[in-house]
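**Q** Structure incoming, see below.
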Amino acid sequence: MRPVENIVVLTGAGISAESGLATFRGPGGLWEGHRVEDVCTPEALHRDPALVHRFYDARRAALDTVAPNAAHRALGRLDAAWPGELLIVTQNVDDLHERAGATRLLHIHGELRSALCAACSKRRAHTGDLPPGSVCAACGAPALRPDIVFFGEMPYQMERIEAALADADLFVSIGTSGAVYPAAGFVQTARHGRADTLELNLEPSAGSYFFAQTRIGAASALVPAWVNSLLA
Ligand code: APR
């Protein structure tokens, strides 16, 4: 590995699997019997707001029953100790990275513990259920929705991510299938810069071909080992 100063880490559902949060495309995928189109698209929200709000209320409530695992904690240690640039880009909408101490973190697909106003676009921390028609404290419209980036909507902070990738010496992808863009394309952006690329995953992802190195195994084993080697 070349000397490393600036790191971008991408995480997906696989990093939270060992905390007990189901992944999306594994056996018995997360969607709890729902097709993605039924709960994670703007059309679904318009067609059946109660179903979509209930689906995310259930996932938000589940956060109280899970805890960060060794992989989240290792990234928290890296965040606290790393002297160079670090950006953890998570596709996950859980708060396990935060609870493990990560601060240099962004949620590209939104967050369960946040509500978005469909009228004024204000995002605000939210715990507990979020019934359809909940009133926005900023603009007063009964227009709060789950702060989740649905398929077909624009992911958050793409410019900041692209800038970090262009300046990265190392790009590490953890626990993601490489099935959903734009996140699945980050490895290629990183390679167009000067970044070395490493994938840590339970199985080769759809994008494994683009990584200089792929390590196969559970995040709770691979991520602490990788962080320890970096901080040594
Ligand atoms: N350790 C490491 N990797 C794991 C583990 C584990 N314990 N368990 C599962 N994985 C891997 C799987 O092999 C798979 O490659 O994590 C990946 C999970 O892939 P997905 O379920 O597709 O989740 P993700 O890649 O995060 O999905 C991306 O798709 O549905 C949308 O918006 C949603 O953010 C999500 C996006």
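Every residue, even glycine, has its Cβ placed from backbone N, Cα and C.
Pulled these features from TrEMBL for this protein:
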type	residues	note
ACT_SITE	H109	active site, proton acceptor
BINDING	12-31, 91-94, 175-177, 201-203, A219	NAD(+) binding site
BINDING	Y56, R59	substrate binding site
BINDING	C117, C120, C136, C139	Zn(2+) binding site
DOMAIN	1-232	domain 'Deacetylase sirtuin-type'
**Q** Within the domain 'Deacetylase sirtuin-type' (1-232), what mean pLDDT does the predicted structure show?
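**A** Across the residues of the domain 'Deacetylase sirtuin-type' (1-232) the model's pLDDT averages 95 on the 0 to 100 scale.
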**Q** Neighbour count first, Cβ atoms within 10 Å, every protein chain included; then name which of F24, Y56 tops the list of binding-site residues.
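**A** Per the Cβ count within 10 Å, the most buried is Y56.
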**Q** Looking only at C-alpha atoms, tell me how far C120 (Zn(2+) binding site) is from G20 (NAD(+) binding site), rounded to the nearest Å.
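**A** Answer for this pair: 35 Å between alpha carbons.
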**Q** Where ligand 1 binds, which of the binding-site residues G12, G20, F24, L202 are close by, with Cβ under 6 Å?
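**A** From G12, G20, F24, L202, counting a Cβ under 6 Å from ligand 1 as near, the near ones are G12, F24, L202.
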**Q** State the three-class DSSP label for L202 (NAD(+) binding site), counting H, G and I as helix, E and B as strand, and everything else as coil.
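**A** L202 (NAD(+) binding site) sits in coil per DSSP, no helix or strand.
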**Q** Run through Y56, R59, C117, C136, C139 for me and report the binding-site residues whose CA is within 10 Å of the CA of S16 (NAD(+) binding site), in sequence order.
**A** none
**Q** May I ask which of the binding-site residues R59, C117, C136 is closest to G175 (NAD(+) binding site) if we compare their C-alpha atoms?
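**A** Checking each of R59, C117, C136 against G175 (NAD(+) binding site), the shortest Cα distance is to R59.
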